[in-house]
Ligand SMILES: [Zn+2]
Ligand SMILES: [Zn+2]
């Protein structure tokens, strides 16, 4: 029960990230910031919906693994040591995250789901959970489906899930961290903060979850030297309470809008970069 609601993980992340954000803050920001209660609702209510979606995704992937995957591929993956599997799992999983995330940005109906995550205006570690359950399920489908379908070991996939969940808190945390030369390989907090920036040049950039190299490879990186993002969020008004955010994509689809939030943002004049 505790796992489903994530109470122990929440307390652990709180004990780790609140002091780190106090010591290495990228921007002055209160602990009890705007939207904190909404994020708590995402933290404690989203779990069971995500669990149902992820179980369905994994079940379908296992069916594919057992019925379609050639035996030679299964045996080759089975024969790999844990460490090699873990590295491959991170590379394949994050490639899935990259393309799923990019699709969530460019397909208008998908963007209405993902806009919920981008509605956060005061970014900190807890913003990691501010995601529509369908958004999380799509992301998990993009990353976990190929991993289970290919038949990687549960230890290797489990390692990836654990590392990714901590990485999600870290990249949203309000900390000054840019990783220096490692920025070409790994996603830092600075890298993902730019992804949330409402500045026009930064929109639809930096899609990777862990491996920033994919953004360099696919030409979607935005990491201007010596600058940091100043404002976050989307330009169109978004609801601020949990239930309204849950129904937001459905209302947006039903209203059959001609313009999507991110396209509407693009029509606005570019702000000065000072
Ligand atoms: Zn995004
Ligand atoms: Zn984010």
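Placed from the backbone N, Cα and C atoms, the Cβ positions cover glycine too.
In this model, the domain 'Fatty acid hydroxylase' (87-220) carries an average pLDDT of 96. Marked as domain 'Fatty acid hydroxylase' by TrEMBL: 87-220.
Taken from TrEMBL, the feature transmembrane segment applies to 49-68 (among others).
Among the features that TrEMBL reports, transmembrane segment is placed at 80-101 (among others). Residues 114, 138-139, 141-147, 150, 152-153, 155-157, 159-160, 163-164, 207-211, 214-215, 218 of the same chain, all 6+ positions outside the transmembrane segment (80-101), place their C-beta atoms under 8 angstroms from a C-beta of that stretch.
What TrEMBL lists as transmembrane segment is 144-166 (among others). Under 8 Å from some Cβ of the transmembrane segment (144-166) lie the Cβ atoms of residues 9, 54, 57-58, 60-62, 64-65, 68-69, 73-74, 77-78, 82, 85-86, 88-90, 92-93, 96, 209-210, all in the same chain and six or more residues away from its ends.
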